[in-house]
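One structure is given here, and the rest of the page talks about it.
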Amino acid sequence: MKKYGLGIALLVLAVLVLVRDSLGLHLAMPFWTTVWFVLTFVTGFHRLVKLDWLASVFCFGLAFIAANSVYEWVEFGTWNMFLSLVLLCLGLKLIFKPKKRRPAHGVGTGVIGEKGRDTAFGSSTRYIHEENFIHDSVDVAFGSSTVYFDQAVILGDKADFHIDAAFSNITLYLPADWQAVVELDSAMSTTNNYASEPKEKVLLVTGDMAFSTLNIYSM
């Protein structure tokens with residue numbers, strides 16, 4: 001349902017762009033400003049559906065700044081508004097602890113970083129050494145995350161890794177005997193899976209990506 005909601009939002013915005021003059025909207029935004037407005041608004045809607053309100057606020061704020069640069073509803077200056085938006089989101093991030101969306105399974109041994117770790121407006125690197133690996137996840141918005149599964153051992157034949165990403169770059173490094181099977185719902189995103197050959201163990205990569213890049217390598 002989430003990807004259908006995102007798709008409907010894109011279709012509605014596409015129609016509005018085409019018929020805006022006939023509807024009397026008379027949107028005077030230049031082409032690239034319109035593109036930026038649509039991308040940030042749709043991403044904000046996507047993050048809102050994912051209940052990631054902080055990233056949603058940031059995206060909707062960027063969309064408002066893009067529109068305000070043309071219509072000048074408020075006269076604070078584009079860069080001042082952008083700086084204020086960044087500081088606002090950073091402040092909210094420090095005040096409100098991110099909510100963990102998925103439970104942790106099993107007990108980690110030598111795991112650097114938390115399970116289901118969230119990254120926003122920054123970068124993170126994690127090393128997973130779990131002996132009975134079943135599940136983990138990562139949530140990234142406007143940042144990057146690198147995850148090493150070196151010395152991790154899958155319990156059984158298959159484990160899963162869930163990704164939620166918006167305007168981000170995610171890199172996974174898998175053991176040589178792992179195969180990555182990607183089943184993502186993605187919008188304007190790129191996946192480079194260099195660990196797709198059949199192997200003894202399977203890591204199922206699921207989740208949602210918007211305007212992001214996923215690279216998977218075999219070590």
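Cβ atoms are placed via backbone N, Cα and C, with glycine included.
Note: TrEMBL annotation is automatic and uncurated.
Positions annotated as domain 'LiaF transmembrane' by TrEMBL: 6-101.
Residues or ranges marked as transmembrane segment by TrEMBL: 30-46 (among others).
Within its own chain, the transmembrane segment (53-71) is flanked in space by residues 28-30, 33, 36-37, 40-41, 43-45, 47, 78, 81-82, 85, 88-89, 92-93, 96, 98, 120-121, 141-142, 166, which lie at least six positions past its ends and keep a Cβ under 8 Å from the stretch. Positions annotated as transmembrane segment by TrEMBL: 53-71 (among others).
Residues or ranges marked as transmembrane segment by TrEMBL: 77-96 (among others). Within its own chain, the transmembrane segment (77-96) has Cβ neighbours under 8 Å at 54, 57-58, 61-62, 65, 68-69, 120-121, counting only residues six or more beyond its boundaries.
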